Amino acid sequence: MVEKTEMSKFVGVADITENKKIWRMLLGELVGTFFLIFVGVGSTTSGSVPQIAFTFGLTVATIAQGLGHLSGCHINPAVTLGFLIVGEISILKAAFYIIVQCVGAIAGAAVIKVALDGVAGGDLGVSSFDPSLNCAQAVLIEALITFILVFVVKAVSDPGRQDIKGSAPLAVGLAIAAGHLCAIKLSGASMNPARSFGPAVVQGVWTYHWVYWVGPIAGGLLAGIIYRLIFKVRKGDDETDSYDF
């Protein structure tokens, strides 16, 4: 009976059928991803690397501050799967999150396409990597920068930590900005399958699109597992050496 209950909890039927807040949570993920794509992709039209990096990072930080209380503000399938792999979100809830994230990304890309109609360079920031790299290298880079992102998300949302005195959304946003500054000229610095999916659908460009699912998802899953097994704060842990900003 206990095993059946645990399995039911992991699948998460009750999360969808009995949770009165589920539709608000899903709407939060959809709206958050919509604005991430609309604002972030808008910066790729003629922006410099720092401009694009900080636009994406600060957009995520702002959205997380505004919508985090609803759904946790994943707005990224790699983040959602990083929570799923360690049992911190149910299968069905994760599936619904990812679906609405992709829908929001498509909507955001469609609206910005209309807004940028006729604007030079309005390719919607379709994800692509440097021609000097091969697919394996692009996947590795995406996995590594997404690992950093999801690791930071897990760290700042760890309920056992008492040492975090700064802004959790800002920390996540800076992780995204750092990933862009490091890798945008290499892999394109997607770090988010939905971010790549929306523009790909609207533009109809699917060249090596799988790279931007495999890399970020691999990095997100690995970050979730490693943080849970090694770095998660456990009862009785000594935090006397924690930083104090």
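Note that Cβ sites are derived from N, Cα and C of the backbone, with glycine treated the same way.
Annotated topological domain 'Cytoplasmic' per Swiss-Prot: 1-26 (among others), in sequence order, evidence recorded as sequence analysis.
Listed by sequence, the residues of this chain that lie at least six past the ends of the topological domain 'Extracellular' (47-51) yet keep a Cβ under 8 A from its Cβ atoms are 180-181, 184-185. The feature topological domain 'Extracellular' is assigned by Swiss-Prot to 47-51 (among others).
Only residues 6 or more beyond the boundaries of the topological domain 'Cytoplasmic' (73-94), in the same chain, are considered here, and those with a CB under 8 A from a CB of the stretch are 9-13, 15-16, 22, 28-29, 32-33, 36, 60, 63-64, 67, 101-102, 104, 146, 149-150, 153-154, 169, 191-195, 213, 216-217, 219-221, 223-225, 227-228. Under the heading topological domain 'Cytoplasmic', Swiss-Prot lists 73-94 (among others).
Mean pLDDT for the topological domain 'Extracellular' (116-132) in the predicted structure: 83. Residues annotated as topological domain 'Extracellular' in Swiss-Prot: 116-132 (among others).
If you look up Swiss-Prot, you'll see 154-163 (among others) marked as topological domain 'Cytoplasmic', on the strength of sequence analysis. When DSSP labels each residue, the topological domain 'Cytoplasmic' (154-163) comes out as 3 helix, 0 strand, 7 coil, counted as helix, strand and coil in that order.
What Swiss-Prot lists as topological domain 'Extracellular' is 185-205 (among others), and the listing cites sequence analysis. Below 8 angstroms of C-beta separation, residues 33, 36-37, 40-41, 49, 53, 75-78, 98, 101-102, 104-110, 113, 123-130, 133, 137-138, 141-142, 145-146, 149, 176, 179, 211-213, 215-217, 219 of the same chain, each at least six residues beyond the ends of the topological domain 'Extracellular' (185-205), sit close to that stretch.
The feature topological domain 'Cytoplasmic' is assigned by Swiss-Prot to 227-245 (among others).
Marked as transmembrane segment by Swiss-Prot: 27-46 (among others). Same-chain neighbours of the transmembrane segment (27-46): 52, 55-56, 59-60, 63-64, 67, 70-71, 73-76, 97, 100-105, 107-109, 111-112, 115-116, 119-125, 192, 194-195, 198-199, counting only residues six or more beyond its ends whose CB sits under 8 Å from a CB of the stretch.
Annotated transmembrane segment per Swiss-Prot: 52-72 (among others), in sequence order, evidence recorded as sequence analysis.
Here Swiss-Prot flags 95-115 (among others) as transmembrane segment.
If one looks beyond the transmembrane segment (133-153) by at least 6 residues along the same chain, the residues whose Cβ comes under 8 Å of a Cβ in the stretch are 76, 78-79, 82, 171-172, 175-176, 178-179, 182-183, 186-192, 208, 211-212, 214-220, 222-224, 226-227, 231. The transmembrane segment annotation in Swiss-Prot covers 133-153 (among others).
Per Swiss-Prot, the feature transmembrane segment maps to 164-184 (among others); the stated evidence is sequence analysis. Long-range contacts of the transmembrane segment (164-184) within its own chain (CB-CB distance under 8 A, at least 6 residues past either end) are made by residues 49-50, 52-54, 56-62, 64-65, 68, 73, 141-142, 145-146, 148-149, 152-153, 156-157, 191, 244-245.
What Swiss-Prot lists as transmembrane segment is 206-226 (among others), and the listing cites sequence analysis.
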Q: Using DSSP, tally how many residues of the topological domain 'Extracellular' (185-205) sit in helix, strand and coil.
A: 11 helix, 0 strand, 10 coil
Q: Using DSSP, tally how many residues of the topological domain 'Cytoplasmic' (73-94) sit in helix, strand and coil.
A: 12 helix, 0 strand, 10 coil
